[in-house]
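Colleague: Okay, these came from TrEMBL:
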- 160-170: compositional bias 'Basic and acidic residues' (COMPBIAS)
- 54-187: domain 'Large ribosomal subunit protein uL2 C-terminal' (DOMAIN)
- 155-201: region 'Disordered' (REGION)
Amino acid sequence: MALWRAGAASTTLFNTFVRPSYLFTASRHLSTDVADGSLRNSMKNQLLHVDINSLIGSCMPLSSMRIGTIIHNIEVNPGQGAKLVRAAGTCAKILKEPSSTKCLVMLPSGAEKWIDSQCRATIGTVSNASHGTKKLRKAGQSRWLGRRPVVRGVAMNPVDHPHGGGEGRSKSSGAWGKGSRTPWGKPTKSGFKTGPLKRRK
């Protein structure tokens, strides 16, 4: 009888002190799994409700964007590819709510341009905004970039340019008394056309 009572007491102690610890461990893992599942569900819901207009780098038609969106790499004709706002550090802005046909965009120059709403653009600003402030170390670096020096015509001799010659800064093109001309002698003022006369297609 005493032996049976001792065995019953040990079983009670085991159930009281040992088993609840296992139950506690299992419940802890269960609660962790539930928390992970709820976290995944909340992340999925956030991704479903994320506004694509706020994602920098998203490319979409202008008709899908909102007013005030900052964009770059803008097409001029649908499917043609990006033509506008591609320089380093530049961006454009949508001024009016895009309609089904047209969208008003302000370019980096300040000019406002109507663009087909089916044209695509990328949200955000072009990187490397400090590109324009970079200074060249020496004149040779400009030549490395393929940039040749530009000499004014009035600084040349008459044999080199129609603007050459004269005493000092002569505005009458030296001794010839002619107006502003190209290096080949064609007038450049009063609307005179200096380009190719063939009509471009």
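Heads up, the Cβ atoms here are built off N, Cα and C, so glycines get one too.
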Colleague: What average pLDDT is reported by the model for the domain 'Large ribosomal subunit protein uL2 C-terminal' (54-187)?
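Modeller: Mean model confidence (pLDDT) across the domain 'Large ribosomal subunit protein uL2 C-terminal' (54-187) is 88.
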Colleague: Do any residues of this chain, six or more beyond the ends of the compositional bias 'Basic and acidic residues' (160-170), have a C-beta under 8 angstroms from a C-beta of it, and if so which?
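Modeller: For the compositional bias 'Basic and acidic residues' (160-170), the list is 152-154, 176, 178, 180-183, 185.
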Colleague: DSSP helix, strand and coil counts for the compositional bias 'Basic and acidic residues' (160-170)?
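Modeller: Counts, helix then strand then coil: 0 helix, 0 strand, 11 coil.
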Colleague: I'd like the per-state residue tally for the domain 'Large ribosomal subunit protein uL2 C-terminal' (54-187) from DSSP, helix first, then strand, then coil.
Modeller: 21 helix, 30 strand, 83 coil
